[in-house]
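Residues or ranges marked as region 'Disordered' in TrEMBL: 1-68. Residues annotated as compositional bias 'Polar residues' in TrEMBL: 1-23, 32-47, 55-68.
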Amino acid sequence: MSSNSQNISFQAGQAKGQTQEKASTMMDKASNAAQSAKESLKETGQQIKEKAQGATESVKNATGMNKG
């Protein structure tokens, strides 16, 4: 009986360890996905800023405001 009880306890410990490892892996993946999204948004924001600056320069050139 004691051996069976120890075996069940061991298996429960193994299952707990595997569950914790899976949870840790999922958290890492979620963190990596969030970081990728953050970097992507940062790049998009920079591209928008550059386009807006380019548009501003075009308007200044077209209206003659850039001749100062």
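Cβ from N, Cα, C; glycine included.
Heads up, TrEMBL stuff is auto-annotated, nobody curated it.
Same-chain residues lying 6+ beyond the ends of the compositional bias 'Polar residues' (32-47) with a Cβ under 8 Å from its Cβ atoms: none. Break the compositional bias 'Polar residues' (55-68) down by DSSP state and the numbers are 12 helix, 0 strand, 2 coil. Here the compositional bias 'Polar residues' (32-47) has, by DSSP, the following mix of helix, strand and coil residues: 16 helix, 0 strand, 0 coil. Within the compositional bias 'Polar residues' (1-23), the DSSP-based counts of helix, strand and coil residues read 22 helix, 0 strand, 1 coil.
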